[in-house]
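A.B. asks: Pulled the feature table from TrEMBL, pasting it below:
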- A:ASP331: active site (ACT_SITE)
- A:HIS450: active site (ACT_SITE)
- A:ASP452: active site (ACT_SITE)
- A:CYS624: active site (ACT_SITE)
- A:1-92: domain 'Protein-arginine deiminase (PAD) N-terminal' (DOMAIN)
- A:111-254: domain 'Protein-arginine deiminase (PAD) central' (DOMAIN)
- A:265-638: domain 'Protein-arginine deiminase C-terminal' (DOMAIN)
- A:89-110: region 'Disordered' (REGION)
Number of protein chains: 2
Amino acid sequence: MAQQRRVHLCTQRPTSTVCVLGTELSLDVLGSAPKDAVAFHVQGTPGVKVYVVHETQSVKLPSSVCRWPLAASTEVLLTMEALSKDVGDEKVGAGRPGGSGPSLDDSELADVSLDADTSRSGSVGRTMMDKATWTWGPDGHGAILLVNCDRDDPKSRVMDNRDTAVRSYEDLKDMSQMVLRTRGPRTIFTGHRLVLHVDFGDADKVGVFYGGSECRHQGGGPRHQEESIFFVEGLSFPDASFSGLVSFHVTLLESPEKGLLEIPIFTDTVVFRVAPWIMTPNTLAPLEVFVCSVEDNEDFVAAVSAMAEEAKCPVTICPLPENRNDRWIQDEVEFGYVQAPHKTFPVVFDSPRDLGLKDFPVKSILGPDFGYVARDVLKDASSLDSFGNLEVSPPVTVGGKEYPLGRILIGSSFPRFGGRRMARAVRDFLFAQRVQAPVELYSDWLHVGHVDEFLSFIPAPDRKGFRLLLASPSACYQLFKEKQEQGFGEAAMFQGLQAVPKPTINEILANEVLRKFNSYVQNCISWNRDILKRELGLAEQDIIDIPQLFQGNEQARANAFFPDMVNMLVLGRHLGIPKPFGPLVAGQCCLEERVRALLEPLGLSCTFINDYFSYHVLFGDVHCGTNVRRKPFAFKWWRMVL
Amino acid sequence: MAQQRRVHLCTQRPTSTVCVLGTELSLDVLGSAPKDAVAFHVQGTPGVKVYVVHETQSVKLPSSVCRWPLAASTEVLLTMEALSKDVGDEKVGAGRPGGSGPSLDDSELADVSLDADTSRSGSVGRTMMDKATWTWGPDGHGAILLVNCDRDDPKSRVMDNRDTAVRSYEDLKDMSQMVLRTRGPRTIFTGHRLVLHVDFGDADKVGVFYGGSECRHQGGGPRHQEESIFFVEGLSFPDASFSGLVSFHVTLLESPEKGLLEIPIFTDTVVFRVAPWIMTPNTLAPLEVFVCSVEDNEDFVAAVSAMAEEAKCPVTICPLPENRNDRWIQDEVEFGYVQAPHKTFPVVFDSPRDLGLKDFPVKSILGPDFGYVARDVLKDASSLDSFGNLEVSPPVTVGGKEYPLGRILIGSSFPRFGGRRMARAVRDFLFAQRVQAPVELYSDWLHVGHVDEFLSFIPAPDRKGFRLLLASPSACYQLFKEKQEQGFGEAAMFQGLQAVPKPTINEILANEVLRKFNSYVQNCISWNRDILKRELGLAEQDIIDIPQLFQGNEQARANAFFPDMVNMLVLGRHLGIPKPFGPLVAGQCCLEERVRALLEPLGLSCTFINDYFSYHVLFGDVHCGTNVRRKPFAFKWWRMVL
């Protein structure tokens, strides 16, 4: 239904008003008719289309009919299609048949329209589609805003959306255009006012900059034609109390007599959705590897760099002054991105964990076209707030429901008193992004408590395009048993590591405390396996069990017994796996051999990296000590069916 | 897909585990097979159904086949259908064909189920429908919770959900039942633990009370069968950051070795939605009329009481000590209700306006089966926060979309600096209830600024079942013009009112300042008329223009020039209309006569109540000075299609 406006005619003098393109005027013929009138005539000049609504049927007024019965249900509607050349160039008269009556003498057609890139093409066109709604999916429509959370001016100390100035053309390019088009007789736009406004409560969600306007006056005449361009930036990501939708309105105000308030006569609305923050799974191509250079990890940094070079991926080394001897770059940040049809840029999510690397994200990652987001947490962050506990699966389909951007995985506590879990502010943020619906796993059984201690995803050429790797104590026991049966029971672990006890296969298999603890760990991981199969729609064949043992600390929480092989760095088909220092069988580490046998057939290249003293003894491994910025998905998030 | 649980078999000794009814166990035959095994056999006792998943096809194990190829894709699934009589009464063995191998020796079937009234029948049945989702509509499913915001114990000072005790059977009846059913061998339930838990962050949304349990032991045997009944109450209404959905889970925990954490092996989930607060339009039958007795309104109270008696509706008079000379009972509260299949009760929404009536809602309305809700506002409430500015339409259909409970109407400011509007906390609350999607109107042009100053709804026997009444200056000018033309120009207003100037029709029509102001008011109301037509799907024939004049105050804000006739009390077909004191024509008030002519044909009875000195001169009229609790809708809110 077209926007309709009621116009009261005055019997004593002609009424003048503005008709906005695409709207209808409803004339109050009944209200302005004398009490005893039973019929009326109505006639308009050629630029005006007049309809009479009679018995709820809308009939275009034929010029031949000049007498209509005047009933309580009679309505006269008026539309105009050609823009007025001048004020008062179209008229409608009404009255008793044959007599004179109230008239609409000055009806001027103006065009007022607020437009944005509702078709998601990357530029703003004039659209007839429903601008006031926003829909998901391949046939969806609705404009998109980015949170302007990068820092295009390196001299600035804050994100671009924390200031109230446009500092550069680069800054503008992160914003979405919104175009206000006005056309019509010049006097309308001097005699009326236009107000651009957002809904109450959305003022802290968006920033708007005026980008200037282009005026055209045809032949010096009284026609006005103007396109005013506004640039819009998001100030906030979707969150628990913000859906991400923001409506902009432009309202045409009529100025009544002096001293009275202006009256709205037309509103146009366009709605934007703030783009969500999107995580990138291991299956996406790596663009940049991050590693910290600390006091004792020269070899590790060299090994990671060599592997990255093979994978043709640049390495960024965070130096000691910036990391203050904090090597856990995986835990400090998570790399993701934001995307709109006109612009895409990476955004680093800074975890509530604030140790040595605390200032690194803002000081060294935030920059031109590299955004930043963080969440304040109310109380001290727990270990489960580190982003080694925040992963994302590759794209999956679960019982017909598609997750083309995968699903976020976070580790949580099994509900019980005193369990650790991720801070609510972080969880709320992750859930509010919507496009990678999070799955909660159980990781609190681990000492450090991160999901990357028992799972990883690797690319695969077949099936769903990936495999889920799960740490598996039973696979390890099975392997060791096999080796024992083959006569290698005296093969010992941790060869070449100084001052580390070197248990043999026989000793490990005979250690009942260790076996019981690993049986318990296996059950914990199996519970997660069941959840992962259900929530990611995986079959057993999508999962590979990686032999791994754990040991309990004094609170019976689990730590990897030898370097945790699933805690790996994935750069395309290159895997950087913690060197497990397993029992040597015929000069070969039987753990490495088994992992190669499992992964190389998938076309993957395994590099075993020694992180024993530099990371493993500090309760982390290769994945914990690295981080990767990856290429965004080819799939556009707004095409998702939610 | 059934909930599936991975079970690792041990080659050294038989494994024992619990299978929960309706779930599958996935046996790790591959992981427990020797390295060189190429085939396996698997066999179970009659109570166990064994399936082999081969090439992703699930095949029920025929007892004749005793040799299966062992491939990476082989899975063995196990389900049980009959509850175990005793521990270890079902067994599954696997191994090399002809040989022995790992076995599942003690597989016991237990039944663990958390149920609620998901079918919305009013009682809890065992259901196979998806308990973990909640859907709207006539075919929807999902359980419902009430915010237990009444005060069943008159001696208590707080609402029932503000304490942590069940004070009476009445208190329990407001809660929803949730039943935990457990069946199976007794030893399972002594050797395992069950935990009932809610999602993180929902703890402040619900209260749970244990209502005791019923145990049955069959023939003194080892079978356990128990139904534990919990009573659940809502603590919070849906709001900006609370969707209203709360999930309850029951998790079965396996106790591993001493000192280790328990491991979850099964979770059942049931989701509740907290019932929204629902407003009642004028078209619903009145149950109780409220009016304040203040120092100077004896006649008004008598007139309202007489009308209520005619309408067979009881009157509650709020006495002076409770109202502290505050007569604006419409502004202090809004009556609504909450509904679940098992219970419905009224809930008063206390407005942020805190004048003389401040304590009345908690002290005198809150009580047994009469709930209370309020919202804290951050700064001082404005006049637009009074609930004369909060109305609701009768049920409407708008372009195919049904609003079977009508739509909430609130008055707001037209966006501009310094405009008044309803507090965000109240608006957020109203929007979050969802079932009566609010429409914002423009009321800030009025001095008091309430929507009930220019609109009302009355029941009608035809069309949509109601008419929208709008105050209409142009209808008033048209009427006065007509009377002038009929020779009654010297008829004067306000006859019989002492010390009130008595303008004649001629004087009013000649007053250009008044005419211009009313032309402006007419435009303001017309803007609202356009919104109402669009948002409520109304045609012109659904609207009746009630003659009314307004005058400007020093800020050019509008006040009714004579008692505001749309500001009426609607009790079924009885209308209590402010007596307008219009010009007397042939001894008859021509305004009353016109209003009767408009409304009596709809079967309505008009009573004109003199509120001139007691309310009108204080900027309010009959509606502002009264309030009505009404019968809930016959339509159940959960049957709505959202």
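Note: Cβ is positioned from N, Cα and C throughout, glycine not excepted.
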A.B. asks: From the DSSP assignment alone, can you count helix, strand and coil residues within the domain 'Protein-arginine deiminase (PAD) central' (A:111-254)?
C.D. replies: 17 helix, 62 strand, 65 coil
A.B. asks: What is the separation, in Å, between the Cα atoms of A:CYS624 (active site) and A:ASP331 (active site)?
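C.D. replies: Computed Cα spacing between A:CYS624 (active site) and A:ASP331 (active site) is 7 Å.
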A.B. asks: Cα of A:ASP331 (active site) to Cα of A:HIS450 (active site): how many Å, rounded?
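C.D. replies: Pair distance, Cα basis, whole Å: 9 Å.
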A.B. asks: Measure from the Cβ of A:CYS624 (active site) and count the other Cβ atoms within 10 Å, all protein chains considered.
C.D. replies: 27
A.B. asks: Among all protein chains shown, how many Cβ atoms are found within 10 Å of the Cβ of A:ASP452 (active site), not counting that one?
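C.D. replies: 27, counting other Cβ atoms within 10 Å of A:ASP452 (active site).
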A.B. asks: Can you tell me whether DSSP puts A:ASP452 (active site) in helix, strand or coil?
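C.D. replies: The three-state answer is helix.
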A.B. asks: Just jot down the residues in the same chain as A:HIS450 (active site), at least 6 apart in sequence, with C-beta under 8 A of its C-beta; none if empty.
C.D. replies: A:ASP331, A:SER383, A:LEU384, A:SER386, A:GLY388, A:ASN389, A:GLY411, A:SER443, A:CYS624
A.B. asks: Note down the number of other Cβ atoms within 10 Å of the Cβ of A:ASP331 (active site), including every protein chain shown.
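C.D. replies: Other Cβ atoms found within 10 Å: 26.
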